[in-house]
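The active site, proton acceptor annotation in Swiss-Prot covers Y164. For 11-35, the entry in Swiss-Prot reads NAD(+) binding site, with the evidence type similarity to another entry. What Swiss-Prot lists as substrate binding site is S151, and the listing cites similarity to another entry.
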Amino acid sequence: MPGVQDRVIVVTGAGGGLGREYALTLAGEGASVVVNDLGGARDGTGAGSAMADEVVAEIRDKGGRAVANYDSVATEDGAANIIKTALDEFGAVHGVVSNAGILRDGTFHKMSFENWDAVLKVHLYGGYHVLRAAWPHFREQSYGRVVVATSTSGLFGNFGQTNYGAAKLGLVGLINTLALEGAKYNIHANALAPIAATRMTQDILPPEVLEKLTPEFVAPVVAYLCTEECADNASVYVVGGGKVQRVALFGNDGANFDKPPSVQDVAARWAEITDLSGAKIAGFKL
């Protein structure tokens, strides 16, 4: 199958960890890769070119095609330049893996607006900026593949990560609508929540767990989602440690009221409303 052969894929946050592995895997499968990384610290401070350059050199040493980009996804101009790098170097852009991210953890009681805003700017706004810059090219060529990095912190919650969880679940809302708007243009958008040992998780999970969670388990799934053959759209996957699973929202049959209910009416049927024993994949309609 063609896979990603001769496709141009942008990977943001590709200077290390999961992003690096995504870039290496895609290049190994024949894609031309834009290796974007600001080169900063885990909390988003600082910048540098070494991280992206090293990944590009590694790809080229193996006979692959790659170019480095050091712009920030958190600004419209930076994102536009990331896509421009793909167009200038390879003449097209066929896919985006929105992976760039930072961490500024803290309980909600102590969450400053600065730390809330910084995380949303990179994860959620960063996803918007880069995809918005690529979108006209996807539409024009009637082809595009989008993979955003969500997180179990957004899907299920995680103590001390209100900013991160909100941003990551926001990306799921983004791909749900991109999938609808892009379908007629053969643009598919999916989300993947990776569980892997990287600098983002090195002090969150115990060492005996981290050693089983290498990025190599995750990257092939990301690469497959970038292929033309993958027909999935608006789907969310949790991947790590050898397990690949789809997750989705579920809904039950609920309760129907013929007239506006009282609080007591709602309370009387609350068990029926909340019972998920017969739940099915959710979609809302009256």
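Each Cβ is built from the backbone N, Cα and C atoms, and glycine gets one as well.
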Margin query: So, three-state DSSP: helix, strand or coil for A27 (NAD(+) binding site)?
Written below: helix
Note to self: Spatially, and counting Cα to Cα, which of the binding-site residues is closest to Y164 (active site, proton acceptor)? Options: V11, A23, V35.
What the structure shows: V11
Check: Expressed to the nearest Å, what is the distance separating A27 (NAD(+) binding site) and S151 (substrate binding site) at their Cα atoms?
Finding: 24
Checklist line | Sequence-distant neighbours of A23 (NAD(+) binding site) in its chain (C-beta under 8 A, six or more apart) | finding: V11, A14, V33, V35, V55, I59, A66
Notebook entry, point to check: In Å, rounded, how far does the Cα of G19 (NAD(+) binding site) sit from the Cα of S151 (substrate binding site)?
Noted result: 14
Note to self: Using the alpha carbons only, what distance in Å do you get between G15 (NAD(+) binding site) and S151 (substrate binding site) once rounded?
What the structure shows: 19
Check: Three-state secondary structure of G19 (NAD(+) binding site) from DSSP?
Finding: helix
Check: About how far apart, in whole Å, are the alpha carbons (Cα) of S151 (substrate binding site) and A31 (NAD(+) binding site)?
Finding: 26
